[in-house]
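Asker: Below you'll find the structure I mean.
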Amino acid sequence: GAMEDKRNIPIIEWEHLDKRKFYLLGICMTMMIRVSVYPFTLIRTRLQVQKGKSLYNGTFDAFVKILRTEGASGLYRGFLVNTFTLISGQCYVTTYELTRKYVARYNNNNAVKSLVAGGSASLVAQSITVPIDVISQHLMMQRKGESMGRFKVQNPSGKRFLVFGQTKDIIVQIFQADGFRGFYRGYVASLLTYIPNSAVWWPFYHFYAGDQIPHSAVWWPFYHFYAATASTLTNPMDVIRARVQVEGRSSIVQTLRQLLAEEGPWGLTKGLSARIISSTPSTIVIVVGYETLKKLSLRPELVDSRHW
């Protein structure tokens with residue numbers, strides 16, 4: 001379309017990439033972001049689940065208290081299990097790119113391609129992510145000697161080095177309580193949180209990711225704003241998702257009603273600032289990183305021909 005003609009840089013499509021390089025660089029980049037924002041993911045989940053302000057007054061307060069009572073490792077509970085969601089990230093990107101290719105046969109409009117591909121990618125990714133989320137959230141809920149969720153990790157000997165011991169413990173408990181379905185608690189709430197976000201994000205991204213933009217500082221506040229807006233709009237659903245998963249409820253509506261009854265409309269903003277902190281760097285890195293990653297992963301024979 002007219003958009004593409006104005007640019008000297010074509011959109012890098014899937015077939016131009018050296019896949020091995022792409023996945024490897026992608027994983028390294030993602031791990032770096034994850035390590036830096038994980039504590040805020042944990043804090044966000046605890047804030048969303050706590051009753052009122054029974055434990056923490058807010059993001060900073062939670063950070064200090066967890067650090068003081070549980071040490072740095074307390075901020076990384078469930079991190080290793082959570083790392084498995086990297087697989088879903090790779091599946092997300094692959095589904096996104098392949099769906100774009102498929103849709104292109106019927107409709108070459110960039111917005112349409114991005115919308116459909118973004119939605120599908122999110123569906124696939126959430127199907128892999130939800131069980132991992134359920135498990136890692138129960139691990140995030142473990143505090144010294146007690147739990148904020150419905151399951152408590154048995155750790156009689158206090159052996160710290162049993163890496164996946166607690167995880168196995170939680171998996172067994174979820175399975176005993178709910179069977180296989182237990183791992184898909186909050187699946188619908190997750191889809192309602194992430195599919196709209198993902199479907200809207202990509203057309204927006206392709207619209208703005210001209211060659212000059214991702215690298216110009218002018219757009220940074222704009223990305224921040226986008227990330228913050230998206231987080232704010234999807235936060236109510238995210239709070240409900242966390243509660244459904246941690247407290248083992250089955251009804252979204254019932255959970256919403258109870259939250260509103262106990263904490264009023266403000267209850268829907270629980271964990272929001274921690275959520276913005278954990279999603280903004282990711283959004284920016286995705287914007288700048290995804291294009292850069294694609295450029296770095298170009299198949300060698302295409303590099304010269306493209307005049308970057």
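Keep in mind that glycine also has a Cβ here, set from the backbone N, Cα and C atoms.
According to TrEMBL, the protein has these features:
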type     : residues : note
REPEAT   : 20-102   : repeat 'Solcar'
REPEAT   : 109-211  : repeat 'Solcar'
REPEAT   : 218-296  : repeat 'Solcar'
TRANSMEM : 22-43    : transmembrane segment
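Locate each feature and note its surroundings.
Answerer: As a summary of secondary structure, the repeat 'Solcar' (20-102) carries 68 helix, 0 strand, 15 coil according to DSSP.
Mean per-residue pLDDT, taken over the repeat 'Solcar' (109-211), amounts to 84.
Here the transmembrane segment (22-43) has long-range neighbours at 56, 59, 62-63, 66, 75-79, 82-83, 86, 89-90, 93, 140, 271, 274-275, 277-279, 281-282, 285, 289, 293-294, 296-297, meaning same-chain residues at least 6 beyond its ends whose C-beta is under 8 angstroms from one of its own.
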